[in-house]
Structures are given as C-alpha cells and as structure tokens.
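Chemist: Following this message is one structure expressed as structure tokens.
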Amino acid sequence: MAGGAVVSTGAGKDYPGKLTLFVFFTCVVAATGGLIFGYDIGISGGVTSMDPFLKKFFPEVYRKKQMADKNNQYCKYDNQLLQTFTSSLYLAALVSSFFAATVTRVLGRKWSMFAGGLTFLIGAALNGAAENVAMLIVGRILLGVGVGFANQEMNGMQSVPVYLSEMAPARLRGMLNIGFQLMITIGILAAELINYGTAKIKAGWGWRVSLALAAVPAAIITLGSLFLPDTPNSLIDRGHPEAAERMLRRIRGSDVDVSEEYADLVAASEESKLVQHPWRNILRRKYRAQLTMAICIPFFQQLTGINVIMFYAPVLFDTLGFKSDASLMSAVITGLVNVFATLVSIFTVDRLGRRKLFLQGGAQMVVCQVVVGTLIAVKFGTSGIGDIPKGYAAVVVLFICMYVAGFAWSWGPLGWLVPSEIFPLEIRPAGQSINVSVNMLFTFVIAQAFLTMLCHMKFGLFYFFAGWVVIMTVFIALFLPETKNVPIEEMVLVWKSHWFWRRFIGDQDVHVGANHVSNNNKLQP
C-alpha cells in the first residue's frame, strides 16, 4: 500500500548529545503541567457520581439516579448543567490560552506557567468551598484559565509538548515528550484514588476534599516553573544568542560539540523572522501536510471516545449497573491500566516508531469498543432497563481496560507528540495554536455532549466511536510518515519523501541546515 511506506530519513542529521541530568530534571518539571490536566479530567467524573454532591448541587439528577433501577439507565445522568460543570474548564482553557500568549511573549514561559499555577490554586480553593452551582462553575473556569496558562501558551512560545520536543535529543524525543502524557495519566489515577477514598467519608463532604486537592499539582507546577529554563530555540527567538548557546551546551553535555546544531538553530530562527504573517503563511501549499495534521490529529484524538472513560468513568460504570463503590473502583482499575500502558509507549516509541503504535492501538480500540457496545446491548437493549451480574461486569471492565491500554500507548501520547515535532520554526506558534485550539474545542464538545449522547444513542454510542477510530486509523496508515529520530529542523525531508505530501513541496522549499537558508518563506504584505 502506498501510504504504508516508511520514509527513509537518512538524510537527516544526528546531532551529538546525551540525556543529561539537567535535561531529565527540566523535562520532568515541565511535564508536571500534565498533572493539572490529568487531575481535572479524573476528578469530575468521580465527584459527579457522589450522592452528597448531587443532592447539594444537582437534586434532579440525584432523584433520577435513585429511580434508575426502574427507569432508563442510559439517561439518569443526562443534565446539561451537570455536563457544563465538567466542560466549562476546557472552554476556559481554550479562551485563556490566547491571552496567555502575550504573557509568554513578554515575560517568557516560566512566568506564564507560574501565573497558571497561581490561578489554578484560586480555582481549587473556590471549588472546595463551593456553596452553589455558580461557585462551582466559576471555580472550574479559573481552573481552565490555569490550564490555559500552564500548558497551552498559544501564539507565544510553545506548549509543554513542544517545549519537551525542543529540549530533548532527537533520538530520545519521543520518550521524553511522552512524559507529559504520563503525568496526565498519573493525575487521572491520583484523582480516581482520591475519589475512591473521599466517597467513604460518611459526613458527606468528601467531594470538597477531592476538588480542593487540585491545589497540590497546581503548587508543584507553580514552584517548579520558577526553576524552569527557556529552550535554546526560545532564547534565540527572543534575542539572547549567547544565553541560547550556553543553554544548548548545558542540555547536550559540556563535553559535546554543539556548534553545528547551534548554527542550524540560528539559521532556522533567522529564516522564521522572514515570515511576516505566520498565520497566513501556514495556509500556503508547502505547509499543507503540517496544517492537515494540526487539525486532524487532535480532532481524531477526542473522537476516540477516550474522554467518555476518563471524564465520566465512575458515572459510566454506575450507569452500567455497578454500585457506587464498585464504579469508583472500576475507574481506579482503568486508571492503573492507563499509567502502565503509557509506560509501554515511553519505552517503545523511539524504537518501534509512531506509525506502528498508532496502527496497532487503533485496531485494538476498535475491537474493544465493538465488544463493549455489544455486551451492553445484550443486557440493556434499547430500553436501558436491566442488570449486570458480577462475572459479566468483570468482562465489561476487562474490555474497557484493553481499550484504555490501546489508547494509552497510541493516540494518547502520540496525539501530543506528533503535532509537537512536525512544525518548522517559522510556523510553529501558529501550528501549535491550531493544534491546541482543536484539542480543547473538541474536548469541550465531548464533555458537554456525552451524557446526552449516551441517553439518545444508548449502546450505539460505542459503535459510533469505533467507526471514528476506523477512519482515523486508515488516515494514519495513508498520510502520516514516520517521524522518529528526525531532528525537528529537518522534518521537511520526511514530508518531501512521502508518497502523497511530496506533491505539495517544491525542491526550493527544502532548505535545512545553516548553509541552506532560503528567502522563499518571505510573504509579501
């Protein structure tokens, strides 16, 4: 198959460098931005399945939940305001990211992350002390602003995944970048463990503890950001060439000759400054591949259906007939699978490559979604009335765990990694802006719509997501070339060699290295 060919990247350079302690520490601190994101993904589903929380803020949902044995299981959580509690964070993250860009551009990345962590602390305090739905949603919006500042500085420097891709040596880029996704999964697991514990507080205020503990990852990133250095790319771009060279020597190792890599970074920066309109420039024909990936990969990532599990795992398991404790424990089990499967990706992504993980994970997810949808259909049909015996429930959890594993070593980490490594410097801010915007927009849409979709589509919802996974797996097979071990500055060679994308790239557009700078990128006003 034409699209299945793996592109040879032998023309690319392998700059000298090793995994220094400084790079490892820097990447760990930067990746803690994922803790904030993960904790918020995991905490909302557990809290919204707790009876004391529902009684206080969503009494109508609580009444439907109590009557669920006699009514439609699919619809007991269908409430727009309840979904807004979860989804408002992601819309706020999307909007605030644009404002965060100004802070990042003027003050640098670490102060933007510091501002994000501080706003997040305030949001966590407001959520923990909430007395009405308005306080809850305002708190969630502040958490979203924190996420937007801490992780998604669009139009400014880079998001955390791009930061990690720029700091890491090319041959280790996948492993270090997926540290961000690993932190997300650890944040989700921590949230699910905390929910399981706080749900047992008999006085009924456990949900306050769950929401307020979001302050812990916020404090970590707020303090950690004070010690976080800017990348060499960022320093060059902001007019600090000497500091950039010192930083490059520090991250590659004091005994490594970085002169060639530094010269290429300077050349790429100079070339990017020739682009007078980066947002208009990304629409040019030669960037068609990167623009397509910046839109399609985050769009597809949200349509895998994973957020159905991650946002609403306890709610979903409760809907499937599990009791309260059992639903929270099942969510913890899927959280553990998520963490360990992400570790598989960390140790294989730079050896197996991105494409193999995408394709294998996609196939596994399709099978599991079809099986889960069928199992639910057998017991609940279209009426939504039924019961799941323990053994049957264990099989449902098993296939959901296999689905989560498939996502966790493919679309989960690679959905962040691949867009972070494919953009040339001159369109990187615009490309990452589009990537994050699409991701946050469709995260919001799925979070706001899922419980209503479950009510109306019933077990067919799992077939719906399975269909999308088939489409996205075929898309990867045909249109995504292998990007492992290729320096970011030389990624154009990968697209130029691809069976489909090469028609959009002329020979004059291939300019890599310090001695191949072209004025071709200059866009007339």
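Glycine is treated like the rest: Cβ placed from N, Cα and C.
TrEMBL: automatically predicted annotations, no manual curation.
Bear in mind that the values here come from a model prediction, so they are computed numbers and not experimental data.
Dumping what TrEMBL says about this protein:
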- 19-39: transmembrane segment (TRANSMEM)
- 26-484: domain 'Major facilitator superfamily (MFS) profile' (DOMAIN)
- 87-104: transmembrane segment (TRANSMEM)
- 111-127: transmembrane segment (TRANSMEM)
- 133-151: transmembrane segment (TRANSMEM)
- 172-194: transmembrane segment (TRANSMEM)
- 206-228: transmembrane segment (TRANSMEM)
- 291-315: transmembrane segment (TRANSMEM)
- 327-349: transmembrane segment (TRANSMEM)
- 361-380: transmembrane segment (TRANSMEM)
- 392-412: transmembrane segment (TRANSMEM)
- 433-454: transmembrane segment (TRANSMEM)
- 460-480: transmembrane segment (TRANSMEM)
Chemist: Between the transmembrane segment (172-194) and the transmembrane segment (327-349), do 3 or more CB pairs sit under 8 angstroms, pairs being 6 or more residues apart?
Modeler: yes
Chemist: Using a threshold of three or more Cβ pairs below 8 Å, and leaving out pairs closer than 6 in sequence, do the transmembrane segment (111-127) and the transmembrane segment (361-380) count as in contact?
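Modeler: Contact between the transmembrane segment (111-127) and the transmembrane segment (361-380): absent, because fewer than 3 Cβ pairs are under 8 Å.
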Chemist: Against which stretches of its own chain does the transmembrane segment (19-39) lie, if we need a Cβ under 8 Å and a gap of at least six residues from its ends?
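Modeler: For the transmembrane segment (19-39), the sequence-distant neighbours (Cβ-Cβ under 8 Å, at least 6 residues beyond its ends) are 113, 116-117, 120, 146-147, 150-151, 160, 163-164, 167-169, 172, 176, 179-191, 213-214, 217-218, 220-221, 224-225, 227-229, 250-253.
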Chemist: Using a Cβ distance cut-off of under 8 Å, indicate which of 206-228, 291-315, 392-412, 433-454, 460-480 has the most pairs with the transmembrane segment (111-127).
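Modeler: Going through each listed stretch, the top one turns out to be 206-228.
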Chemist: Is the transmembrane segment (460-480) close to the transmembrane segment (172-194), in the sense of at least 3 CB pairs under 8 angstroms with a sequence gap of 6 or more?
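Modeler: Answer no: the transmembrane segment (172-194) and the transmembrane segment (460-480) share fewer than 3 Cβ pairs below 8 Å.
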Chemist: Calculate the per-residue pLDDT averaged over the domain 'Major facilitator superfamily (MFS) profile' (26-484) and state the result as an integer.
Modeler: 85
Chemist: For the transmembrane segment (392-412), which partner among 291-315, 433-454, 460-480 gives the most CB pairs under 8 Å?
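Modeler: The listed stretch sharing the most Cβ pairs with the transmembrane segment (392-412) is 291-315.
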Chemist: Could you tell me what the rest of the chain brings near the transmembrane segment (291-315), counting residues at least six beyond its ends with Cβ under 8 Å?
Modeler: 41-42, 44-46, 48-49, 77, 86, 188, 192, 195, 282-283, 327-328, 330-331, 334-335, 338, 365, 369, 400, 403-404, 407, 411-412, 415, 418-419, 422-423, 431-432, 434-436, 438-439, 442-443, 445-447, 450-451, 454, 461-462, 464-466, 468-469, 471-472, 475, 479-480
